[in-house]
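Features reported for this protein in TrEMBL:
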- 1-34: region 'Disordered' (REGION)
- 1-32: compositional bias 'Basic and acidic residues' (COMPBIAS)
- 83-107: transmembrane segment (TRANSMEM)
- 113-136: transmembrane segment (TRANSMEM)
- 148-167: transmembrane segment (TRANSMEM)
- 173-194: transmembrane segment (TRANSMEM)
- 206-229: transmembrane segment (TRANSMEM)
- 235-255: transmembrane segment (TRANSMEM)
- 294-311: transmembrane segment (TRANSMEM)
- 323-343: transmembrane segment (TRANSMEM)
- 355-371: transmembrane segment (TRANSMEM)
- 377-399: transmembrane segment (TRANSMEM)
- 438-457: transmembrane segment (TRANSMEM)
- 463-496: region 'Disordered' (REGION)
Amino acid sequence: MREKGPQRRVPEKDREQAGRWPSERHGHERARARIAGQSIFGGTELADFRQREPAPGPSMVRVTDEDRTPAGSPLTTAAFRRVWIGATVSAAGDAASWVALVALVLGRAHGSVAVLAALYTAPVAVGGLVAGWALDRYDRRWLLAGDSLLRAAVFASVPLAVALGGLSATQLYLVAAVYGLLKMISLAGFPALIPSLVPPGQLMAANALESASFGIAGLVGAVGAGIVVATAGPWYVVAFDALSYLAFAVCLLGTRGLTGTRPERQATDGRSAGGLGPVLRLVAREPVLRDTTVMFALFNIGEGALLVVLPRRAIEYGLGSGGYGYLVAAMTGGELLAALTLLRPNWRPSLTRSIVAASLIAAGTVLALLVPSPWAAIAGLVGLGGCAAAMTTWAQTLRMAVAPAGTHGRLFGLLRTLMQATPPLGAGLAALTLRHGAAVTVLAVCALMAVPALAFARDLTAAGTRPETEPGDQPGSARLMPRDDPDQSVTSASGA
């Protein structure tokens, strides 16, 4: 905890030695953003993580960004570049292997795609919570590498069984279940690892690249799998997925000299800080975490409903058998465009206001599906994909700033597990509303995206949106600054 009072200026040479990220000199641009907002750390205790002084009443505070924004993209950092490439290749393998597993199940006697899909997705609910706990307890780099090696062995068993002539539907179901159980280790582990890979000033660009990796992997993996399955056979695709896991493990193990990959275990009042309860209290207490979680869950329900609506609209537009693919590709293209836009060194608008605005714009773009023109629908879906990707990037950057670094594994594991569970609810909503026409479903989706944004707009825009960081701080830390004196520190929420 930092006591109130003027901050001591640290000599430049000492700051370079003390911090993980040395200060940038010789003409590097300094970034400063000061945004007024309501205190996001109310009360006397921050969710069992750190005792602190009471917030100074209803006074407004200012969240200040003092770190020097390093020149260039996060891809210029060797450690991030290596891990990002490995994660993208692995995600492409996942997208490809799902297509191959479906083809293999359809080729087995008594094979069921419904059973495969259930085993592929349902275990995430259990594995996600355990993965978050493990990511905050053990070295994240080694945990991700071990997960990749284990899944490489599991998926390699499929082409081996094909070569031996003994592949069964039961084995495919087991492979799918193992994937679902372990999925959240990489899905939550990569964002939890990002603050130890890049300087604080590059967090948003790094988060944008993480979002872009899913779009790139989804396009390349699905298209490539379709071609290979049709020309060579599905087991070749599964073999590629096994190799992609090995590639990710090699990239992770080849990244050395990182700090912050093994979170320090803390305890408060004799209780372990490694449980899920403190994270739940943190999410409930902090407006940025609480409001964005509710907004995104409802937003994802809307997107889940669209997955049911789009095939019907594609037929009505006369786009043919590939029409649904065209509409989904439009959304993915919008996601990639947004990610590329957010790679700029410094995003100046308030992140919380940006999230609210993007959610409202997304709600408007959905209405394009009511227009009897495929081009209007494609344009609207490009906008929807762009808004969704931007919201994810901004929210993830805020979460890294607000939450202590030692909770990132549990936090991202919890939130991403929740988001994985919401699209099926959207499919159920679509099933209920489509009987009254596609327009009713589209309007319901629009409401799910717009109403929460309007409801939380005041709360979110009042909250601080920028972390103040110094060269001596741990990546992922956030410090609140009093409004009347930006040079006085109220508290530190670092995970150190």
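Cβ atoms are placed via backbone N, Cα and C, with glycine included.
As a quick check, the transmembrane segment (377-399) and the transmembrane segment (113-136) miss the bar of 3 or more Cβ pairs under 8 A, pairs 6 or more apart, so the two do not touch. Within its own chain, the transmembrane segment (148-167) is flanked in space by residues 90, 97, 104, 108, 175, 178-179, 182, 186, 235-236, 238-239, 241-243, 245-246, 248-249, 252, which lie at least six positions past its ends and keep a Cβ under 8 Å from the stretch.
With a cut-off of 8 Å between Cβ atoms, the residues of this chain six or more beyond the transmembrane segment (355-371) that come close are 292, 295, 299, 302, 306, 309, 313, 377, 379-381, 383-384, 387-388, 390-391, 394-395, 438-439, 442, 445-447, 449-450, 452-454, 456-457, 460-461. The stretches the transmembrane segment (206-229) and the transmembrane segment (294-311) do not meet in space: the count of Cβ pairs below 8 angstroms, excluding pairs fewer than 6 apart in sequence, stays at fewer than three.
In this chain, the transmembrane segment (323-343) touches the transmembrane segment (294-311); three or more CB pairs sit within less than 8 A of each other, excluding pairs fewer than 6 residues apart. The stretch in closest packing with the transmembrane segment (235-255), judged by the count of Cβ pairs under 8 Å and taken from 83-107, 173-194, 323-343, is 83-107.
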